[in-house]
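Following: one structure in structure tokens, then a few remarks.
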Amino acid sequence: MKDNYILAFETSCDETSVAILKNGNELLCNIIASQINSHKRFGGVVPEIASRHHVEQITVCIEAALEEAEISADQLTAVAVTEGPGLNGALLVGIMAAKTFAWANHLPLIPVNHMAGHLMAASLVDTIEYPAMALLVSGGHSELVYVEKEGSYKKVGETRDDAAGEAYDKVGRVMGLTYPSGKVIDELAHKGADTYNFPRAMMNTHEVEFSFSGLKSAFINLVHNENQKGNDVIADDLENLAASFQAAVVDVLMAKTKLAMEKYPVKTLIIGGGVSANQGLRERLSAEITDEKLIIPPLRLCGDNAGMIAAAAYIEWKKGLENVQAGLDLNAKPSLVFEDIEEGEV
């Protein structure tokens, strides 16, 4: 049987990435050009800057991917690209590059949901046993997705307001940390203790939903109130603040993930998205998820990368190109979401 090679593009936010996947499980290359240093001084991603960097880096990444994989264009089976969600301008750079490459080399084009990519990164690590549940946590998303069978994604719960990663970055700014601050907060948290009584929103409800805006506000208010009293808690108690904040986030993520698995029993729990790199979350999951298979991708596959897009595209390819192939009129879908699960569907 002829080998399957998928060339994938990912430009949804601030990483320009091109990857080549062989037969759905062998990642031949995963080129990533990061823009973090360009966005640090702004305290977050600036869409216009992100788009310009993608334009500068995309051709370089394509050439590097083909060279590292030792693959020529005529060996490729298909081209895949993130169509959303993400920043509109950033998405368009990847889509235009993918459409151009596909057209020039007479290859089918497969559009991919960015969050399906985060979910299917797990398939590059281990075999997913279905049905599965996925906790996807990043700067823009916090959601639980039920995967009844390969290639079927239904959202069972999400955040009502801020995503977990967004809360980390906003709290990080208050703490005086540079963007992105999640890793530093995690490191500080491991040196401190949960000494502050930060709220755990919706912990005792039976809804599979998150809420982190109240936690963020409570953190900001505590720092402000202490400053009014002449206490600089940022300078004097940074590690305990970080530990208390992280404990509140992880407690909520764990509680709602367990609730989702009670409502929708599964064989595998998958963790994906940038916040899945958090060691505090990984430790809790490893300690408490014992009845289901747990798949947590390595750090290199947690952030945005084209390898995960290729993995999701391979699942789509197996459905038959007549069902998934996009035309050259493919456009960005910045607000693309998974369908909500219907009552009684499972």
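The first residue you see is number 1, and the count goes up from there.
From the backbone N, Cα and C atoms, a Cβ is placed for every residue, glycine too.
The Fe cation binding site annotation in Swiss-Prot covers H114, H118, D304. Swiss-Prot lists L136, V137, S138, G139, G140, D169, G182, D186, N278 with the feature substrate binding site, giving sequence analysis as the kind of evidence.
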Entry from the binding-site residues list H114, H118 having the most other CB atoms no farther than 10 A: H118
Additional residues surrounding Fe cation, by Cβ distance to the H114, H118, D304 centre under 8 Å: E10, S12, T82, M115, G117, S138, G272, G273, N305, M308, I309
Alpha-carbon spacing, L136 (substrate binding site) to H118 (Fe cation binding site), which is rounded to whole Å: 7
Neighbourhood of S138 (substrate binding site) by C-beta distance under 8 A, where only residues 6 or more apart in the same chain count: H118, A163, A164, G165, G273, G274, V275
Other CB atoms, at most 10 A from the CB of L136 (substrate binding site): 25
Site extent for substrate (largest Cα pair distance over L136, V137, S138, G139, G140, D169, G182, D186, N278, Å): 18
Entry from the binding-site residues list G140, G182 having the most other CB atoms no farther than 10 A: G182
Set of same-chain residues at least 6 away whose C-beta sits under 8 angstroms from D304 (Fe cation binding site): E10, S12, C13, D14, E15, S17, I32, H114, G274
Secondary-structure category, per DSSP, in which H118 (Fe cation binding site) falls: helix
Secondary-structure category, per DSSP, in which D304 (Fe cation binding site) falls: coil
